[in-house]
Amino acid sequence: MSKGPAVGIDLGTTYSCVGVFQHGKVEIIANDQGNRTTPSYVAFTDTERLIGDAAKNQVAMNPTNTVFDAKRLIGRRFDDAVVQSDMKHWPFMVVNDAGRPKVQVEYKGETKSFYPEEVSSMVLTKMKEIAEAYLGKTVTNAVVTVPAYFNDSQRQATKDAGTIAGLNVLRIINEPTAAAIAYGLDKKVGAERNVLIFDLGGGTFDVSILTIEDGIFEVKSTAGDTHLGGEDFDNRMVNHFIAEFKRKHKKDISENKRAVRRLRTACERAKRTLSSSTQASIEIDSLYEGIDFYTSITRARFEELNADLFRGTLDPVEKALRDAKLDKSQIHDIVLVGGSTRIPKIQKLLQDFFNGKELNKSINPDEAVAYGAAVQAAILSGDKSENVQDLLLLDVTPLSLGIETAGGVMTVLIKRNTTIPTKQTQTFTTYSDNQPGVLIQVYEGERAMTKDNNLLGKFELTGIPPAPRGVPQIEVTFDIDANGILNVSAVDKSTGKENKITITNDKGRLSKEDIERMVQEAEKYKAEDEKQRDKVSSKNSLESYAFNMKATVEDEKLQGKINDEDKQKILDKCNEIISWLDKNQTAEKEEFEHQQKELEKVCNPIITKLYQSAGGMPGGMPGGFPGGGAPPSGGASSGPTIEEVD
């Protein structure tokens, strides 16, 4: 096989994950079971050795020979307090070999013992094979991640595990660093950033605070609980149902290992369901002594069962902040890692603790670490081809970008958090007859009206040939390159005439703090904005209707089809409405709607009559373009003269 690219491997306590950077993006690779994460489990049976899903699936039948949690042993001495306390909970045996721990199992009928590095190397081998099966190439180079608090011997042992697995470990990087790289936080411009990584996995909970400056990462503090994770939440649910079974059936299933195991599997599934639904049902046939167990649990009950554990996740956050000598307001970014951070309650507690700050969660939390490791692997293996240097570290546009349209409305072309580079084009038109030019004003921000957003720059496109309103087509293109530089161009489709502006991201752009603030304000103002948007839209719709109606009855195609009295009736009413609009630019939505009803009352009967007599109008209705009109000049809102076209 040919040599494949470098991969990133997240070697986790309970699950591992592998990713590769190719074709300009990171791909997280699924295993042969179609799962994008693989259990860090190795099982030994009379006939074979199983790794991953196969190992975890048979743990109930073969508990003493199924090894997991090797990460809790790696690089530690046998008499380490951690090893001694963990040993009590494991079904497999840990023995002392000259001061080093080894796991002892029965394999093919004989007793074998393995160092933690060997067990981890088996998991790494599996991850390597998963990547090779997907890529169809040999994989040797890898970046492997470890917790930030790992000491030198733990790091070295992890590297050794890689070597045993036949990998050339390019670098060992910290899990929180990898997660920050996944979100491209090291590529954001400006002064140093403080990033808090909240990593709640299957069996461990780690909080890390990093500072990033000029692409250099420094771990400021770490805190957490090495024995808190998804499994604990499962246990609470298991105990809840054991108690329920006792109440319902007067039987205690807690001593029956198989029953408890089946219940635990069902609980883990229910827990996952509760992250997206508010209720989950559990159905287990013949759980115990032939009794079928059918029950359900609500999200609220699940949250209540784990209330203390969920709340307790904030203690390490506070400790990490204290150790880093930072106030929570000084944290620029919060990154969620680990499957348990999908739990809505945990997200809410964390977001509330940080006063409503947005959390970085767009990358699958189980995969964020492997994602960042894959990016790092591509960089370290000198991937110049895809220009990973420039391209990646997944930069996004922090704020929406758009232009001002009729009535001072912000029309967004690029939504916030769009991955860059990106390019968007939209067509606009004029709002008054024979309008010679348009003013393109570029804004960033989340508000509905441009006056509440930040003006980045503006330019004019002139020399538009005389034409009725709504006829010219002006194509506006927003193009952001990998360095965040924005090019905005406008082209008049009829003449091909073009003008453009380049906006670089340093000057005139907002600071990170401003961005945070604006995003938060935007939430608060969303309701007001909706109202304002509705108002402008009902005003535009009334205006359009009046102008179009006027144009329709004045059209020469209708000469002789409409009697003068009807025509005058419509024109008078239209002119009355147009002059009312001039005086009442800031009226309420209801007033615009009322005026439109009045206008329709006059026009509809006449137009209907017209249609019936003409059997449909020749050439269809002239005028009438979507998006509605704009305030006539001199209106209170003297927005720029361009109009959105669907």
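The backbone N, Cα and C atoms fix where each Cβ goes, and this holds for glycine too.
Binding of ADP is attributed by Swiss-Prot to THR14, TYR15, GLU268, LYS271, SER275, GLY339, and within the candidate set GLY201, GLY202, GLY402 the record adds GLY202 to that site. Using a 10 Å radius centred on the Cβ of SER2 (N-acetylserine) and all shown protein chains, the other Cβ atoms total 7. Rounded to a whole number, the C-alpha distance linking LYS319 (N6-acetyllysine) with GLY202 (ADP binding site) is 22 angstrom. Ranked by Cα separation from THR14 (ADP binding site), the modified residues SER2, SER153, LYS589, LYS597 are led by SER153. Cα-Cα distance from LYS601 (N6-acetyllysine) to ARG469 (omega-N-methylarginine): 26 Å (rounded to the nearest whole number). Reduced to three states, the DSSP call for GLU268 (ADP binding site) is helix. Recorded residues GLU268 (ADP binding site) and SER2 (N-acetylserine) have their alpha carbons 41 Å apart, per Cα-Cα distance.
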